[in-house]
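Report on the following structure.
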Amino acid sequence: MKVEVKEEDNRNGGANRTLEPEQFRKLFIGGLSLNTTDESLREFYSQFGELLDCVVMRDGTTKKSRGFGFVSFSTSEEVDRAMTARPHEIDGKTVDPKRAVPREQSSRAESNISTKRLYVSGVREDHTEENFTEYFSSFGKVQKVEIITDKATDKPRGFAFVTFDDYDAVDKCVLQKSHMIANFRCDVKKALSKDDMNRAQQMDRDRESRGMRYGGAWGPPGAWAAPQQGQWGPDRSRSGSGAEMGYGYGGGYGGGYGGGPASGGWGGAPPAQGGGQWGAQGGAPAAGGMFF
């Protein structure tokens, strides 16, 4: 269930109303044409609902578009409506919309990686695959549920994986973080393979070597790295740094869009699924889920 936070909107003649937390109402829009303006971005996304904010991010010196922006709707249902209507084409270019989340919920390394697989912790003996299928079906179409068990005892090892048919369902789950499933609290993260994490970290290093530093108020949903050969490691990701103009999407999007180098940026939609092999024998992950 979403946390109830009262946020007053004083627009539209000063009428106050209670809004859902902004992370449930905000989209990051990547891959924008350099010709796209605030007005054309607003014109496109207003078909899905009421927009409270709409901005194309620009270079502070040249004022040229950085190739990405943000839109904020009045309700989360309008965000769902927009994401269901993908693909989105603005000014002749297919763009890359994703749910934006507060920076404190994100980490940089996996910012350019999308996945259809969700990591679920807090799994109890009473939990069944049917429990998870029923619960997570409210976020998207569930294709597979895997409750990881101990080979010797056949008892749950405390975590599971849920595979959806679309990466947006994973992002939507991660925004909420904690979920009550069959009367027990479970926490979720994006599940990424070792190859995904290595690729994302290399992109991160490429950006830093070019002096591209991002961070700020917004970022992507966080991730757990999937176990490989029975190993889990501690979180060794680096924290985000200062933002340009107060925005960022995990440090990756601003650098790749708007004329940034191809390495470390988006040239289009991110890979839908990670490569590499998923381990089934790994121990329970430590916070962060990074590899040794």
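Placement of Cβ uses the backbone N, Cα and C atoms for every residue, glycine included.
Unlike curated entries, TrEMBL annotations are predicted automatically.
For 220-239, the entry in TrEMBL reads compositional bias 'Low complexity'. Per TrEMBL, the feature domain 'RRM' maps to 25-108, 116-193. The region 'Disordered' annotation in TrEMBL covers 219-239, 260-292.
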Under the DSSP assignment, what numbers of helix, strand and coil residues are found in the domain 'RRM' (25-108)?
23 helix, 32 strand, 29 coil
Composition by DSSP (helix, strand, coil) of residues within the domain 'RRM' (116-193):
18 helix, 35 strand, 25 coil
